[in-house]
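Some notes on the structure that comes next.
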């Protein structure tokens, strides 16, 4: 009898087939995921496939147009081709009704990235009927250049790479490392999304089971607010690799057992020992890969989760001491819930209960309020600030270690629009007041395109022009009442037992300096304010229907001495450096003024 295949770098922990109980729980899990609207209907899938086919036709049209413009002979153009690939959740097969489609266009060498950004936007507009495309934003000047568009209600993230090949008339084997030869860093980065996704699917024993388990883990992570690379948690690729590794260890298991084993294994993993799906591949390409023995930064990573394609990189490099602690607690909680699902028939919906970040978890919060007078300017500014919050977290963790146990960022910012008449209303809004929020607009808790916004802000360009549907730049108006766009990021502060003081003024000041040092920062346009608030002062719009808001504790009569200590304790927190402000230039004051405004 032939030996069973070994998946991954170690033998399986168990190759037992699923029990009748496992299969029953599998049906219940599928039912709960459907109840959570986790699956896209067949009509959505067909629409996405049709859009991808259209994109492939437009790519090949562009390849021909560029080739003729550059004088290539017809026999070369006849076989030039061009291919479209997908990656991310769509390629992994775990997308939902609102999921975007991450798409890669690959062209032969005569087509450049400049050609792509010059020609593709117009090709997209000309190939669709009025109203089919409701958003089209080319963003060329960032680390991963992209065209973002919404076509027939489907969001598409469109990136491009030009290979050192004269013909792409047939599907190129993207797993072949040699296709990376001669590519610049940007092209390699664009290629690797698809290469990694494809390789993950090749390295799991049962694709269908892997997908169901990954859907459950992603939904759980999103519900528990521990999902998102930019704020220090694993993102979609990292979670996919972790689930794939558990699949390798239990090659015949169904999704419920994989979910149970996921929480058991990842919680007890010997971090920072890396998680990887295959042994390191030798490559003749001289590319930088994750290597803690060579790179000091890699050695500092707390949860290395490595991609299975050259160049192998850590997908969880933003994890901090605090976010790792939060994750380990969530893994432990989830492990207990799944045990009860197995032992007592507890419903799966209990695993997917909403987080308690605002309702129970913390008494103290930091609010990072960003504001700008223009939507596009604010998108870039808010993205820049969010990308640097991990540095604020690290500074707080180390600046007052005796008081702070951890700092947890909420994974989404709260996007609000306000209409202010005069300086007084504007000042209140910049300080976090919702009094002048436009009633017709709702607060949006969003992480949409957070990585893109951060890339835009950190690019070397002087600013990114956002193109409207007619191809003209949006005009900026500043007449009458001032519309102000704000984004608020919340960080929960977990204090050590017995903490009586908190001084984090230095990391707050350093964080502000990092943000305002951004070349695109304009003190007449942008504002950042950092405030400390108690849980009972959180605004109503961070809660959802049915949640119980924290209330101010009633004061108990105490001895005079205790009253003095309490007052001193209160002053210790209010003077913690959390009231620092940086706002529009005409209201800037020196850092030593009584209201704590910093210029």
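Quick reminder: no glycine exception, Cβ is built from N, Cα and C everywhere.
Mean pLDDT for the domain 'Poly(A) polymerase nucleotidyltransferase' (8-204) in this predicted model: 94. TrEMBL lists 8-204 with the feature domain 'Poly(A) polymerase nucleotidyltransferase'.
The Mg(2+) 2 binding site annotation in TrEMBL covers 100, 102, 157. Annotation for residue 102 (Mg(2+) 2 binding site): spatial neighbours 86, 87, 88, 89, 90, 91, 157, 159, 193, criterion Cβ-Cβ under 8 Å with sequence separation of six or more.
Residues annotated as Mg(2+) 1 binding site in TrEMBL: 100, 102.
Feature annotation from TrEMBL assigns domain 'Poly(A) polymerase central' to 209-354.
Here TrEMBL flags 356-551 as domain 'Poly(A) polymerase RNA-binding'.
Per TrEMBL, the feature compositional bias 'Low complexity' maps to 558-569.
If you look up TrEMBL, you'll see 570-599 marked as compositional bias 'Polar residues'.
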DSSP assigns the residues of the domain 'Poly(A) polymerase central' (209-354) as 77 helix, 4 strand, 65 coil
When a 10 Å sphere is centred on the Cβ of residue 157 (Mg(2+) 2 binding site), how many other Cβ atoms does it contain? 20
Once near-sequence residues are set aside, which residues in the chain of residue 100 (Mg(2+) 2 binding site), 6 or more away, have Cβ atoms under 8 Å from its Cβ? 88, 90, 154, 155, 156, 157
